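Step one of this worksheet: look at the structure below.
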């Protein structure tokens, strides 16, 4: 599930001095043996130089004062899906475990500094001076981030429900609809994780003195550009809103696990066979995880490849527009859309809207925000096992299983059934995520990726068998009393 092990360096000895210079920049401050080569200049790498020049920036100053815990978000990891986009002859691959270990080391150093009163006072004074220099304060950054998460969780939910609706048609080759939002959301996640141009103006204007793109020479500070991109991109509230809010809400791990259980119980739609053998049940059980995980990973890497391919044509979002206009406007849009969904649930134009959309939009921001805060608290606990993403996926799956059962009991009436449907589509759909999950699988070490992936699917299935299986194989499910 990962490209190469972290300790593997792929190389050949036919390197130009230009490539050598780029490699030395990439290896600065990285562990591992040093590689020294002296080879003649034999070829040109103009396309790579031009790409590096576009990525280069004169400034690496963040505009937003973000909490240190934002480092723990799976969507803001410093490791993109494609670690060697220029297909360089020498490249050292990193894993999520290495990044998390560095973050833990930083946190330990901070705790040690806090134990010394003099050091703590000096650090606090330095942080206070640094915070005063940010154009956007920490409090403003947090407000903008929450507003983006609310706004994009609502639109991510609408995108998921809409895509599921249009993929239900007679003769469809894939009878479980959760696969399409998971594929599409993972594709958007891959594009955002790999893209280096959309938020380029956040890094500052490009330096004409910092890059020399003449053929046959490389003087681009590729290491500086890489550090600026990785350090600043994940501090931008709009990026967090798109990656954590939209992609995380567009995809749904709980819906994926629900379809796995329905395949096990022979309850998927348009399956007319009254019974089947144990072998057929096993094939149905493994088909949905294989298809969903394969398509989601394929979507992640396809999105990343599209970001690389479209890099010369991708525009940059104007910094003044995003920081001065959009950030402030999103506060009104995000909270206003949430309030609008609540009002439409109370006074719907049609009663069926509650079950099909409005209740889901009411619960969607709650699930997204809970996933955001749990990821901040738990993802850094175990470098090789993203505990935050795992926890929200399993908890959301359990809540969906309970809501599914309650909706099929003769209690609550139509409104109760619609509320439970909204909890499944909105709260559970936004609390759980496949896009972040496969993004983590792609950059974990191979052994840890298989443990994390199999552990997530296995635990989720066991949870649903315990919750949904008792009623399904006991008294049985009653038909839904609501229209959706």
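Even glycines carry a Cβ here, placed using N, Cα and C.
Note that the structure is predicted; figures quoted are calculated from it, not measured.
Under the heading region 'Disordered', TrEMBL lists 1-66 (among others).
According to TrEMBL, the compositional bias 'Polar residues' annotation covers 35-48.
As annotated by TrEMBL, region 'Disordered' applies to 71-90 (among others).
Look at TrEMBL and you will find 98-130 (among others) tagged as region 'Disordered'.
For 98-114, the entry in TrEMBL reads compositional bias 'Basic and acidic residues'.
Cβ atoms under 8 Å from those of the transmembrane segment (146-168) belong to residues 174, 177-178, 180-181, 184-185, 237-238, 240-242, 244-252, 269, 330-331, 333-335, 337-338, 341, 356-357, 360-361, 364-365, 367-369, 372, 425-426, 429-430 of the same chain, restricted to positions at least 6 beyond its ends. Per TrEMBL, transmembrane segment is recorded for 146-168 (among others).
Residues 75, 77, 80-81, 156, 159-160, 163-164, 167-168, 239, 242-243, 246-248, 250-252, 255-256, 258-259, 262-263, 268-271, 288, 291-292, 295-307, 434-436, 438-439 of the same chain lie 6 or more positions beyond the ends of the transmembrane segment (174-193) yet place their CB under 8 Å from a CB of it. The transmembrane segment annotation in TrEMBL covers 174-193 (among others).
Nonlocal intrachain contacts for the transmembrane segment (236-257), taken as residues 6+ away from its ends with a CB within less than 8 angstroms of a stretch CB, comprise 63-64, 70, 73, 75-76, 141, 144-145, 147-157, 159-160, 178-179, 181-182, 184-186, 188-189, 192-193, 199, 202, 288, 292, 296, 317, 322, 326-327, 330, 364, 367-368, 371-372, 375, 393, 396-397, 399-400, 424, 428-437, 456-457, 460-461, 463-464. Taken from TrEMBL, the feature transmembrane segment applies to 236-257 (among others).
The transmembrane segment annotation in TrEMBL covers 282-308 (among others).
What TrEMBL records for 329-347 (among others) is transmembrane segment.
As annotated by TrEMBL, transmembrane segment applies to 353-373 (among others). Listed by sequence, the residues of this chain that lie at least six past the ends of the transmembrane segment (353-373) yet keep a Cβ under 8 A from its Cβ atoms are 73, 146, 149-150, 152-154, 156-158, 161, 244-245, 248-249, 337-338, 341-342, 344-345, 392, 396, 415, 417-419, 421-423, 425-433, 482-484.
The feature transmembrane segment is assigned by TrEMBL to 385-404 (among others). Outside the transmembrane segment (385-404) by six or more residues, the chain places 72, 74, 96, 253-255, 257-258, 261, 367, 370-371, 374-379, 420-421, 423-424, 427-428, 431-433, 436-437, 440, 448, 451-452, 455-456, 459-460, 463-464, 467-468 with a CB less than 8 A from a CB of the stretch.
Sequence-distant contacts of the transmembrane segment (449-471) (same chain, six or more residues past either end, CB-CB distance under 8 Å): 1-2, 253-254, 257-258, 260-261, 264-265, 289, 293, 384-386, 390, 393-394, 397-398, 401-402, 404-405, 408-409, 437, 440-442, 477. Taken from TrEMBL, the feature transmembrane segment covers 449-471 (among others).
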